[in-house]
Amino acid sequence: MDASNLKQITPWLWEFPTAGNMRVPARIYGDRALVAAMDDAVIRQLANVAALPGIVRAALAMPDAHSGFGFPIGGVAAFDPDQDGVICMGGVGYDIACGVRVLHTGLRREEIQPHLEALMDQFQLLVPAGVGGTGGIQLKAGELDRVLVQGARWAVKQGYGTREDLERLEDGGAMSGAVPETVSDQARKREKRQLGTLGAGNHYLEIQCVEEVLHPSAGLLGVASDDVLISVHCGSRGLGHQIGTDYIRILGEAARRHRIPIPEKELVCAPIRSSEAERYYQAMACGANYAMANRQMIVHLIREAFQRVLPGVQVRTLFEVNHNTCRREDHPVEGRSRPLYVHRKGATRAFGPESPQIQEPFRRTGQPILVGGSMGTDSYILAGRESSEDAFASTCHGSGRALSRSQALKRTPGRDVLTQLTSRGILIRTNHLKGLAEEAPAAYKDIHQVVEASTQAGLTNKFARLSPLGCLKG
DNA sequence: ATGTTC
């Protein structure tokens, strides 16, 4: 992207001014190099989003943004129900409430090292992974509806976790507003035996070590140097994908009736107060609850693996954050708190300390966020700040793709990626070499640069830098 | 991301 077409607001924030049918400007967070490296489609898609009814302040892109289906990945947009604002499928994406759970093993680097191979083997054995992957639990008749409403709380009630896990999940593990009747038979059919499965693509389960503590309050999150953590990155599987697919048609018809122009298929939307948008929100909340239950089931499998290899180890939840959602949240608009519908696609919430909109354990630090690097690179723990409110309390979610999947496939064969990572001492487990090539480190932006831009822009503070020890890829 | 182009 040619940054000379953009107005520099700060060295970490750029603006594409309102033009044509845009109602608000488009703004991109990132340093000059990150913005210059973004594909032009990011601006085109942000301009499309900026033209939607009821959009507030600006259409935003985080420093890890790249083009997505209809709406950039790394995109944020908020809509006001009193200004004919809309709910937009593309602002959530297909993998509803994809997110990251972060666990603490209670172990230090030297304690885990002799058991790493055995642990990775057990993870591979116990956690089903891959496209179309089943092997998750078979739900009894009627049970799925309870999962869709209760989310991770359902899993804990079944004995797959603890109350302490739930205290550290968004909404205590159950997003409100879920109505199972809005989820199609087709979506239910695709769900069969996928609860407790990792999925494919950039989804992973990684053992990580705290390399560097970067904030004096890191201890409040329970993180210290050389601690061994686990990150689980996955989402709502076939069920969430089918909900997205189903509502493209429903929201598309609504958009036509309300005469909202839809330049790209997945940008379909409907007025927040229409029955179609209400139903989409209810179905999306079901997808979010499925994703949170899914991660909770995987946490249970991780604990099972530890029981086999290192019995007695207590694996605790540190936090979880979703990065593909639309949520009703209160935000100040022109000095007054307003209920807005905030879409974050490949972007996470980043409320600062004291915010009533985050779980109680995080009120002193701000919302904790795991920003995943690509496979084999560092990750960061960040926490939200009050100044993130400029971006509707949002920040980046990962390092962000620099190459498309097909470009990455051409660049490096999967076997070479495996060799490179192994030679750096990272244990890789996968059943799918092609997937490894698509997710090669070279296919991603530089995580350090993305995190630095987010920090300099005032969206988040750095709390810790993590390095990978072992990775199970979907 | 995804019953890997319904």
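Cβ atoms are placed via backbone N, Cα and C, with glycine included.
Just so you know, TrEMBL annotations never went through curation; they're auto-generated.
In TrEMBL this protein carries:
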type	residues	note
BINDING	A:D95, A:H203	Mn(2+) 1 binding site
BINDING	A:202-206, A:323-324, A:372-375, A:S379, A:397-400, A:K473	GMP binding site
BINDING	A:H233, A:H323	Mn(2+) 2 binding site
ACT_SITE	A:H397	active site, GMP-histidine intermediate
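Here the features listed in TrEMBL are placed on the structure.
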residue: A:D95; record: Mn(2+) 1 binding site; contacts (Cβ under 8 Å, 6+ apart): A:G235, A:S236, A:G240, A:H241, A:N324
residue: A:N202; record: GMP binding site; contacts (Cβ under 8 Å, 6+ apart): A:H233, A:S374, A:G398, A:E439
residue: A:H203; record: Mn(2+) 1 binding site; contacts (Cβ under 8 Å, 6+ apart): A:C98, A:A129, A:H233, A:C234, A:G235, A:K473, A:G474
residue: A:L205; record: GMP binding site; contacts (Cβ under 8 Å, 6+ apart): A:F123, A:V127, A:A129, A:L198, A:I230, A:S231, A:V232, A:H233, A:I298, A:I302, A:C471, A:L472
residue: A:H323; record: Mn(2+) 2 binding site; contacts (Cβ under 8 Å, 6+ apart): A:C98, A:G99, A:V100, A:R344, A:K345, A:G346, A:A347, A:T348, A:H397, A:G398
residue: A:G400; record: GMP binding site; contacts (Cβ under 8 Å, 6+ apart): A:P63, A:D64, A:A65, A:H66, A:I73, A:G74, A:G346, A:Y444, A:K445, A:V450
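For A:H233 (Mn(2+) 2 binding site), the count of additional Cβ atoms within 10 Å of its Cβ stands at 25 [all protein chains shown]. In the three-state DSSP scheme, A:L205 (GMP binding site) falls into the strand class.
Annotation: A:N324 carries the greatest number of neighbouring Cβ atoms among the binding-site residues A:N324, A:S374 [cut-off 10 Å, Cβ to Cβ]. DSSP assigns A:G400 (GMP binding site) to coil, not to a helix or a strand.
For A:H397 (GMP binding site), the count of additional Cβ atoms within 10 Å of its Cβ stands at 29 [all protein chains shown].
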